[in-house]
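Student: Quick one: structure below, then a few questions.
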Amino acid sequence: MEIFYLVVFGGLAAIVAGLELSKSNKDRINTSSAFNSFKNNYLLVYSLMMAGDWLQGPYVYYLYSTYGFGKGEIGQLFIAGFGSSMLFGTIVGSLADKQGRKRASITYCITYILSCITKHSPQYRVLMLGRVLGGIATSLLFSAFESWLVAEHNKRGFEQQWLSLTFSKAIFLGNGLVAIIAGLFGNFLVDSLSLGPVAPFDAAACFLAVGMAVIMSSWSENYGDPSENKDLLTQFKNAASAIASDEKIALLGAIQSLFEGSMYTFVFLWTPALSPNDEDIPHGFIFATFMLASMLGSSVASRLLAHSSPKVESYMQIVFVISSAALMLPVVTSFLVAPSGVKGGSISFSGCIQLMGFCTFEACVGIFWPSIMKMRSQYIPEEARSTIMNFFRIPLNIFVCLVLYNVSSFSFYAHEIYTAAMDGLNELFFVYAI
C-alpha cells in the first residue's frame with residue numbers, strides 16, 4: 001500500500017486522538033449518573049444497529065454480482081430499496097408515533113434480519129423482497145430511534161443540552177468507530193476466513209438480534225401523542241400541516257434532503273473520481289479513512305454543541321460552504337491538472353488532491369449528523385416527530401432513485417457540479433433563513 005494512504009490515515013487518527021484527549025472542562029458537559037446510564041444504554045443499542053447496517057453496505061453489490069446479475073438488474077434492486085423506503089417506509093415509520101417508538105425499533109430489527117436472510121437466495125424475486133424490506137428498515141433506523149431518544153430524554157427530565165452529548169457520541173461511535181470495525185470485520189469474514197460474501201449479512205443479523213434483545217429488556221415505550229386516537233391519514237395531514245405552517249420545519253427538511261442527497265451522490269461517485277483510468281486503489285482502506293474523517297467531524301461537533309455559542313444555525317453555514325468547496329475539487333483538478341491517459345497504476349496526483357478534499361467532506365458529514373439531530377429536536381413537534389422525519393426522506397429518496405436510474409447517462413463532472421452547487425448554495429440559503 002502506498003505511503004500516501006498511510007500518511008492520510010495516520011494524520012487523521014492523530015488529529016482525532018488529539019481532539020479527544022485535549023478536551024477541557026469547558027468542552028465537556030457535566031451530567032448526572034442517571035443520565036450517563038441512560039446515554040450508555042442508547043449508545044450500545046445504536047452501535048449494534050449501525051454495526052448491522054455497516055456490515056452489509058460494502059458487500060451488497062458484490063453479492064449480487066456473484067449471483068450473476070448485471071449492472072442493470074443490480075441497479076433495479078437498489079432503486080427498489082430506495083423506492084420502498086419512500087413508499088412503504090414512510091408509512092411504517094410514521095406508525096411509530098401512534099404504535100410506539102420501542103415497537104418501531106424492534107420492527108426495524110426484525111425487518112432487517114429478514115432482509116439479511118433473503119441474501120442467501122440467488123433468486124431475483126427473493127432478493128427484490130429483501131431490498132423492499134431493507135428500504136422499510138432504513139426509514140425506521142433514521143426516525144424511530146432518534147424519536148424514542150428525544151421523547152425518553154425529555155420524559156426523564158434531563159437537561160436539554162445533554163441531548164447534544166448523546167447525539168455527538170452516537171455519531172462518533174456508530175458512524176465512525178463502528179463503521180471502521182465493521183468494515184474490517186466484514187473483510188475478515190469474507191477474505192481471511194473465506195466464508196463468502198453472504199457472511200457479513202449473517203453477522204449483521206446476529207448484531208441486530210442482540211440489539212433487539214437489549215431494547216426489549218431495557219427500553220420503555222413512548223408515543224407521539226397518546227392522548228389522541230388518530231388514524232394514519234390524520235397523522236399525515238397533521239404532519240403536512242405542521243411543515244406547511246412552520247417555515248423553519250420546512251427549511252429544516254430541505255437542508256436534510258439536500259445534504260443527504262449530496263452525500264449519497266458522493267457515495268456513488270467517489271470511486272470513479274479517484275480512479276478514472278482504473279487506477280488500483282485500496283477501497284476498504286479508503287472507506288476506513290473516510291469514516292475516520294467523519295469521527296473527526298463528530299469530535300469537533302461535540303465541542304461546538306457543548307457551548308451555547310455559536311449556535312448550530314451559525315456554524316452550519318460555514319460547514320455547507322466547506323463541503324461544497326470539497327465536492328468541487330474533481331471539477332477544479334480536471335482543469336488544473338492534465339488527465340493521464342495511462343490505464344491502471346497507482347493513484348494520480350489529482351486523485352491525491354481529491355482524496356484530501358473528500359476527507360474534508362466526510363469531516364463535514366461528521367459535523368452535520370449531530371447538528372441536524374440537535375436542530376430536529378428543537379424544531380420538530382414531539383407529537384408527529386417520526387412522521388415528519390419520514391416526510392423529510394421522501395424528496396431524498398426520489399433524488400437518489402433518479403441518480404441511480406440516470407447515473408450512466410450523465411458525465412461524471414456534471415454530477416459533481418450539480419452536487420456541489422446543491423450542497424453549498426441551496427443549503428446555505430436555507431440554514432440562513434432558519
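Glycine is treated like the rest: Cβ placed from N, Cα and C.
What TrEMBL records for this protein is below:
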type     : residues : note
TRANSMEM : 6-22     : transmembrane segment
TRANSMEM : 43-62    : transmembrane segment
TRANSMEM : 74-96    : transmembrane segment
TRANSMEM : 128-150  : transmembrane segment
TRANSMEM : 170-189  : transmembrane segment
TRANSMEM : 201-219  : transmembrane segment
TRANSMEM : 285-306  : transmembrane segment
TRANSMEM : 318-341  : transmembrane segment
TRANSMEM : 347-369  : transmembrane segment
TRANSMEM : 390-414  : transmembrane segment
Student: May I ask for the residues of the chain that lie six or more residues beyond the transmembrane segment (74-96) and have a Cβ under 8 Å from a Cβ within it?
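Tutor: Here the qualifying positions are 60-61, 64-65, 103-104, 107, 127-128, 131-140, 143-144, 147-148, 224, 232, 235-236, 239, 386-387, 389-391, 393-394, 397-398, 400-401, 404-405, 407.
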Student: Quick one: find which recorded stretch in 6-22, 128-150, 201-219 has the most Cβ pairs under 8 Å with the transmembrane segment (347-369).
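Tutor: Top-ranked stretch among 6-22, 128-150, 201-219: 6-22.
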Student: Using a Cβ cut-off of under 8 Å, list the residues of the same chain at least 6 residues beyond the transmembrane segment (43-62) that approach it.
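Tutor: Cβ under 8 Å, 6 or more out: 74, 78, 105, 108-109, 112, 116, 141, 145, 166, 169-170, 173-175, 178-179, 181-183, 185-186, 190, 197, 200-201, 203-205, 207-208, 210-211, 214-215, 219, 283-284, 287.
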Student: May I ask you to check whether the transmembrane segment (6-22) and the transmembrane segment (285-306) make contact, with contact taken as at least three Cβ pairs under 8 Å and only pairs 6 or more apart in sequence counted?
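Tutor: Yes, the transmembrane segment (6-22) contacts the transmembrane segment (285-306).
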Student: Using Cβ atoms and a strict cutoff of less than 8 Å, what residues sit near the transmembrane segment (285-306) while being 6 or more residues removed from its termini?
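Tutor: Same-chain contacts beyond the ends: 1, 5, 8-9, 12-13, 15-16, 19-20, 23, 26-29, 58, 161, 164-165, 167-169, 171-172, 175-177, 179-180, 183-184, 270, 274, 312, 315, 355, 358-360, 362-371, 374.
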